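Record features (Swiss-Prot):
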| type | residues | note |
| --- | --- | --- |
| MOD_RES | Ala2 | N-acetylalanine |
| MOD_RES | Ser6 | phosphoserine |
| REPEAT | 23-108 | repeat 'Solcar 1' |
| TRANSMEM | 24-42 | transmembrane segment |
| MOD_RES | Lys57 | N6-succinyllysine |
| MOD_RES | Lys73 | N6-acetyllysine |
| TRANSMEM | 83-101 | transmembrane segment |
| MOD_RES | Tyr102 | phosphotyrosine |
| REPEAT | 117-208 | repeat 'Solcar 2' |
| TRANSMEM | 119-140 | transmembrane segment |
| TRANSMEM | 183-202 | transmembrane segment |
| REPEAT | 217-306 | repeat 'Solcar 3' |
| TRANSMEM | 222-240 | transmembrane segment |
| MOD_RES | Lys256 | N6-acetyllysine |
| TRANSMEM | 281-300 | transmembrane segment |
Amino acid sequence: MAATASPGAGRMDGKPRTSPKSVKFLFGGLAGMGATVFVQPLDLVXNRMQLSGEGAKTREYKTSFHALTSILKAEGLRGIYTGLSAGLLRQATYTTTRLGIYTVLFERLTGADGTPPGFLLKALIGMTAGATGAFVGPPAEVALIRMTADGRLPADQRRGYKNVFNALIRIAREEGVPTLWRGCIPTMARAVVVNAAQLASYSQSKQFLLDSGYFSDNILCHFCAIMISGLVTTAASMPVDIVKTRIQNMRMIDEKPEYKNGLDVLLKVVRYEGFFSLWKGFTPYYARLGPHTVLTFIFLEQMNKAYKRLFLSG
């Protein structure tokens, strides 16, 4: 008699056993949250820089380093972690959705023989996952922008949210639930730009380095390609990011919003602050992008390995 096969053993389609979809989503969020603990200060500095000099006012911060030292001096070490609860919730919503959907689509579109999707299909998967995550994430994004911006304002103008949940409840009660999705379109646009730019620029950068003859296909080459990719991605996405930041932080003036739409933000920034102000906060944005991506995938890889070892081995 032939032995009865154990559940999941000897997959007929040739694909290896994998974790349930719920676990993929969970690990994606946890990985992003772990990375955020390390890069939250850079997020805060980037947001402060993007709001500095808004509306033709004098810039509070001359450089990113000046912003960091000013925040430490005025608000203390704890001040650079302002908005951490919102940053964690953003990862729990945006990154959970983005990485979960990406992993599910990637596995579904992988061939029966294990052949991964081609470059264009990968790019489409990445943009779809990014845009979907960006639709889920705005409530936490709005809370994060406002919480990190509070410290730069005079005491009588601060919103004074105690934590992300207090922020969400107050925003919904005082300004209406739709305000939680303010800036949703530029947030989704940024996600598409970031995912497309990262994939395309990393692939091209790696190929350029290999073709130069000075690099082999090793960790040094991958690191340099990531840094070049981060530079391209930052340059491409920052104008959209500053639109998102300004819209999500804006107040009502005489019952009218400060900005009509994203295009109005772009025109006012260029008119009153200069064309290159669209790239305010470039340094902390770039410095955050690489480490956050690397840390997220390190945490994700370790959790996946642990799950396979504990639940899928044998």
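Keep in mind that glycine also has a Cβ here, set from the backbone N, Cα and C atoms.
Swiss-Prot feature annotations superimposed on the structure.
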{"residue": "Lys57", "record": "N6-succinyllysine", "DSSP class": "coil"}
{"residue": "Lys73", "record": "N6-acetyllysine", "DSSP class": "helix"}
{"residue": "Tyr102", "record": "phosphotyrosine", "DSSP class": "helix"}
{"residue": "Lys256", "record": "N6-acetyllysine", "DSSP class": "strand"}
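Within the same chain, residues 98, 119, 122-123, 126-127, 129-131, 133-135, 137-138, 141-142, 225-226, 228-230, 232-233, 236-237, 240-241, 243-244, 247-248, 262, 293 sit at least 6 positions outside the transmembrane segment (183-202) and bring their C-beta atoms closer than 8 Å to a C-beta of that stretch. Ranked by CA distance from Lys256 (N6-acetyllysine), the modified residues Lys57, Lys73, Tyr102 have Lys57 at the top as the closest. A gap of 42 Å separates the Cα atoms of the residue listed as 'phosphotyrosine' and Lys57 (N6-succinyllysine). Within its own chain, the transmembrane segment (24-42) has Cβ neighbours under 8 Å at 68, 80-81, 83-84, 87-88, 90-100, 103-104, 284-285, 287-288, 291-293, 295-297, 299-300, 303-304, 307, counting only residues six or more beyond its boundaries. Below 8 angstroms of C-beta separation, residues 21, 24-29, 31-33, 35-37, 40, 43-44, 128-130, 132-134, 136-137, 139-141, 143-144, 147-148, 163-165, 167, 191, 296, 300 of the same chain, each at least six residues beyond the ends of the transmembrane segment (83-101), sit close to that stretch. Mean pLDDT of the predicted structure over the repeat 'Solcar 1' (23-108): 93.
For the repeat 'Solcar 3' (217-306), DSSP puts the residue distribution at 73 helix, 4 strand, 13 coil. Put simply, Lys73 (N6-acetyllysine) is 22 Å from Lys57 (N6-succinyllysine) when counted between their Cα atoms. Taking H, G and I as helix, E and B as strand and the rest as coil, DSSP gives the repeat 'Solcar 1' (23-108) the counts 73 helix, 0 strand, 13 coil.
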